[in-house]
Amino acid sequence: MTYSKKDITKALETITAPGEGKSLVESGAVKNIVTFEKEIIVDVTISNPTLQAKKKIEVEIIKAIHEHVDQKADVKVNVTAVAPPVSPLKPEKPKVPGIQNIIAIASGKGGVGKSTITANMAVSLQKMGFKVGILDADVYGPSIHLMFDVATARPLSVEIDGRSKMQPVESYGVKILSLGFFTDANQAVIWRGAMASKALNQMIFDAHWGELDFLLIDLPPGTGDIHLSIVQAVPVTGAVIVSTPQNIALADAKKGVAMFQQENINVPVLGIVENMSYFTPAELPENKYYIFGKDGAKNLAEDIETSFLGEVPLVQSIREAGDVGHPVALQENTPLENAFSTITKNTLSQLVKRNKDLPPTEIVRITTMSGCSTN
Ligand SMILES: Nc1ncnc2c1ncn2[C@@H]1O[C@H](COP(=O)(O)OP(=O)(O)OP(=O)(O)O)[C@@H](O)[C@H]1O
């Protein structure tokens, strides 16, 4: 008795090709299937050359054939690693089905409140009626899962069209995937550039985000290799830069803007948000103390001809809300809710402005490829 190649192909269709969101068969990874009596030989190519990746795909193939064809089949898998051809200057950016706009939130300097702004912008967008997701790509210290009170949650695996996909965790109506879900909070995890962008790719392409109006990506602070690989891997519609008014933060924010404007990145910068603009004590709400300087980010936005998207004061309740996992933008009719709603509206109008001459469904493709200027 010999097995039918059709049955074997069907079994292999249940496996998702790593980082592609397509089945192993659909992605062209299965090169050959040979059957002889009880023996099945599958030749497959993957792009990840590590032993671990090869072993994983081998185990998945054997499991799928045993499950869908015959438990007793003698399966042999030959895995070859082939690096995909990449253009060094303009790598092809794949579209993400169902996701209309991807906004990267970045800062040059660490600790300026990038994750706080991301979390609250997501809540504001959700309250405006948009479908929103957050991808926490902060390799140095993911915190979105803490800010949304889902620190102990783990994304489930769901079966979509016969393929296994990662289901984002939902909190306050916002869908979340975070590197924090996959690391131990007490362990320092060092994500190297290639590893981080691969994990991120999987969180985008192998996840079941469903229909999203906006996917916000909380990038790590800085402008290093990791940022380049992350931003090149996904079709980012626009970037928002967060800074405090302090000179040292502004200098780094400027580098962040320059990074997005590089020819091989070419992501339109939607504008700058100033965080910790001033301190207002709860008991003296009219008093403003400009601890980190005044109007620094506003002036920088003017200097580099990008938009100023708004300011957020330094307020104890913002820090407390972040710590307990209940973003302040969830409040109703408070000055802080209004501050985040203003920033969100300004960001949206910049997004619309960037794309005003383009049909909405083409936003991602055209803006990332047309070399839009930032004014
Ligand atoms: N406007 C604010 N008022 C008070 N506390 C704030 C404000 N913005 C941020 N914080 C607090 O400052 C700390 C750092 O903020 P956050 O984690 O958002 O910064 P980040 O830029 O994302 O940091 P990292 O560089 O680690 O990614 C957090 O404890 C947060 O709650």
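Cβ coordinates come from backbone N, Cα and C, glycine included.
TrEMBL has this to say about the protein:
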- 5-79: domain 'MIP18 family-like' (DOMAIN)
- Gly108, Lys109, Gly110, Gly111, Val112, Gly113, Lys114, Ser115: ATP binding site (BINDING)
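Residues from the binding-site residues list (Gly108, Lys109, Gly111, Val112, Lys114) with a C-beta closer than 6 Å to any atom of ligand 1: Gly111, Val112, Lys114. The candidate set comprises the binding-site residues Lys109, Lys114. Of these, Lys114 has the most other Cβ atoms within 10 Å. Under a cutoff of 8 A between CB atoms, and with a sequence separation of 6+ in the same chain, the neighbours of Gly111 (ATP binding site) are Pro221.
A sphere of 10 angstroms centred on the C-beta of Ser115 (ATP binding site) encloses 25 other C-beta atoms. According to DSSP, the domain 'MIP18 family-like' (5-79) comprises 26 helix, 23 strand, 26 coil. Around Gly110 (ATP binding site), a 10 Å sphere centred on its CB holds 14 further CB atoms from the protein chains shown. Cβ environment of Gly108 (ATP binding site): Pro221, Gly222, Thr223, Ile241, Ser243, Ala249, Ala251, Asp252, Ala253, Lys254, Lys255, Gly256 lie under 8 Å away, each six or more residues apart in the same chain. Other than the site residues Gly108, Lys109, Gly110, Gly111, Val112, Gly113, Lys114, Ser115, same-chain residues with C-beta atoms no more than 8 angstroms from the centre of those residues' C-beta atoms, the ATP site, are Ser107, Pro221, Val242, Ser243, Thr244, Ala249, Asn275. Classification of Lys114 (ATP binding site) by DSSP places it within a helix. Under a cutoff of 8 A between CB atoms, and with a sequence separation of 6+ in the same chain, the neighbours of Val112 (ATP binding site) are Pro221, Val242, Ser243, Thr244, Ala249, Asn275, Met276. With a cut-off of 8 Å between CB atoms and residues at least 6 apart in sequence, the same chain places Ser107, Val242, Thr244, Asn275, Met276, Val312 near Gly113 (ATP binding site), listed in sequence order. If you average pLDDT over the domain 'MIP18 family-like' (5-79) in this model, you get 89.
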